[in-house]
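Here the structure comes first, spelled out in structure tokens, and everything after it is commentary.
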Amino acid sequence: MQLTGEMLIGAEAVAGSAGTLRAFDPSKGEPIDAPVFGVAAQADVERACELARDAFDAYRAQPLAARAAFLEAIADEIVALGDALIERAHAETGLPVARLQGERGRTVGQLRLFARVVRDGRFLAASIDPAQPARTPLPRSDLRLQKVGLGPVVVFGASNFPLAFSVAGGDTASALAAGCPVIVKAHEAHLGTSELVGRAIRAAVAKTGMPAGVFSLLVGPGRVIGGALVSHPAVQAVGFTGSRQGGMALVQIANARPQPIPVYAEMSSINPVVLFPAALAARGDAIATGFVDSLTLGVGQFCTNPGLVLAIDGPDLDRFETVAAQALAKKPAGVMLTQGIADAYRNGRGKLAELPGVREIGAGEAAQTDCQAGGALYEVGAQAFLAEPAFSHEVFGPASLIVRCRDLDEVARVLEALEGQLTATLQMDADDKPLARRLLPVLERKAGRLLVNGYPTGVEVCDAMVHGGPFPATSNPAVTSVGATAIERFLRPVCYQDFPDDLLPEGLQESNPLAIPRLRDGKAE
């Protein structure tokens, strides 16, 4: 498929007229010559939003089977892009080919997961409370509930996952599954990859006969184009993965609208790892090497990167640090996604190293180019950590901080001082269970996913996954951005009272022609 640098607005390919952008190859440290990508003008934003608004009712009225087939068609079209997609993503991100192949599998897998969710119909949460005309002292009306899509959704592609959290990523897949048209703001770090995937979606739209306005792809600076999209009255929700600053800027814009809308922003997390005494004594070396592998995976560019380690002071922790430092020293520097991310990592690492009481205990191989970064491991005492809020700030990249605590009570105090997190990990053995049980209440308050004897950098796409957490991990701790229940972000309930049966949505009619799971008087039918 030939790249053109055009945006996709409904069924049309449009050359942006408000400026130009070029893709960048971080491995070579130079721009990619062709194509040049045109930036959206305000008229392009208006057109995409109007098309999405006009497509909403027609799209959500599609049979569930047709909606599911559309999602599967998107997956098929992405696979059909073949090596061209992987090659372009590799050029734009520096990510290894094997990693990108795996990410493509994850991307099409979650599209097919949501197709299954749509076909099953359980997401509609259909519930029926039949009329009770003879009830005293007052009769009860016939009441039936079903969820419907919110309306057009704006999705911001993430820098660190050019496929799985981008144009056809989890936000787009779950919004389309909910019956919502999607407008994607392409991330500037992978413009060509975004165009390829956008064209795959557009091909699926045409093949399945969906309304043209169900999908658009715009290009431009996030602050300008993003602000215009979130402000537009047709837009009813936002999906975002990125920095705390960027996410909160969108939240403020959304809240300032005459009609505020939800922004589901995944932002900042340092993902604490607690090393319990028995586990540290029995297998500290293995934990240390596994931790370093997780820390440096993808040059640390995961929102679930283990950026904080808590442990009780003693010889076993000394050995853990020694082994971790030795393992880190063998790790080569890697190419980060963009020059800006690499610069921010160096800046954040420098600030962390200058905080009171910090000691560097290990480092990976030094960077050889401006877009490369090496790992770093630091140590600080719990009292110093508690005295300085800046220790809780995320350093996006392969850097982590070990906090030495006097006892479990001090571990608990450090955990209490943390902001909300995506994950918290417990490295423990059977003898550690009483200590782990004492920390569970605070861990449950702080994080969306709790792990035992694993590492947080893997996020499975499945029904039970939670990729979310209290602020600032996300802007809304009640939902997840990964897994089947991510669809809940883009739905709202509607109650139908005393409706004629043939005027009800099919899922609420007495004969249940969709054969979806339902509750009747609070019990499964």
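Glycine is treated like the rest: Cβ placed from N, Cα and C.
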Next item on the list: Would you identify which residue of GLU30, GLU388, GLU394, GLU410 Swiss-Prot lists as part of the NAD(+) site it also attributes to LYS185, GLU188, GLY242, SER243, ARG244, GLN245, GLY246, GLY247?
Entry: GLU394
Note to self: According to DSSP, collapsed to three classes, what secondary structure does LYS185 (NAD(+) binding site) have?
What the structure shows: strand
Notebook entry, point to check: Using a 10 Å radius around each Cβ and counting other Cβ atoms from all shown chains, which of the recorded positions GLU266, GLU394 yields the largest count?
Noted result: GLU266
Check: Which residues of the same chain, at least 6 positions away in sequence, have a Cβ lying under 8 Å from the Cβ of GLY242 (NAD(+) binding site)?
Finding: PHE156, ALA158, SER159, ALA265, GLU266, MET267
Next item on the list: Just name the winner among LYS185, ARG244 (the binding-site residues) by count of other CB atoms within 10 A of its CB.
Entry: LYS185
Notebook entry, point to check: Fewest other CB within 10 angstroms, which one of the recorded positions GLY246, CYS303?
Noted result: GLY246
